[in-house]
Amino acid sequence: MKKLLDQISGHWKEFLEKELSQPYMLELEAFLESEQAAGKNIYPPQDLWFNAFRQTDFEKIKLVIIGQDPYMRPGQAMGLSFSVPQEVRQPPSLKNIFKELEQDLGLVKPVDGDLSRWAGEEEIFLLNASLTVEEGLPGSHLKKGWQLFTSKVIAEINREKEQVAFMAWGAFAHKCCAEIDQSKHLVVKTSHPSPLGAWRQMKTAPAFLGSQCFSRVNEWLEAKGMGAVNWSLI
């Protein structure tokens, strides 16, 4: 996997080179190689597995948005949580994200779903808990090593960074953020933006639609002197 770290630099480069040498990641690498050799379709393409780390420097992260699996259909996944390439139709969860942005901040819904500028220019780390998935099989690679890997990524941000906001959408993302030090970081929890979850009030979090999660993050960032996210930058 280390051959995939081109164009990744700084703290992420150092962290990834060390982590990819761990036994559990070597086992994951062997598993993925065997799946590819068996002709299984794995998303996103291999060169995009670490795209989130390439797009957003560790030193600049001010917000983390946590997803679970990459999109599982051809041409959708691009290594950034919830993002799809410009020419690809917006998936339902992404449509609801844009719907809440419109309701919360009055932004015009974008015509495409490529969130690369959020990652590259607004310092938003778009992290999926599993960096790969087999076509049509949700969760197929999560427990093969990726869940442990991304828990270490989140722990690294929690420990080494100051004043980072985390958007946790849905119960799975809530668990991912369970150990975040909220004395220095912000965790904004809502239900998941999927059609099944977007309107659902949870015991520990509001429904995604109507949550004003985007303005809440911006208010906190501004209060910390870091500047609001330009959510219209798509």
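Backbone N, Cα and C define each Cβ position, glycine as well.
Where the annotation comes from TrEMBL, it is an automatic prediction and has not been curated.
Taken from TrEMBL, the feature domain 'Uracil-DNA glycosylase-like' applies to 54-221.
According to its DSSP assignment, Asp69 (active site, proton acceptor) is coil. Within the same chain, the residues at least 6 positions away from Asp69 (active site, proton acceptor) whose Cβ sits under 8 Å from its Cβ are Asn128, Ala129, Ser130, Val133, Pro138, Gly139, His141, Leu142, listed in sequence order. As annotated by TrEMBL, active site, proton acceptor applies to Asp69.
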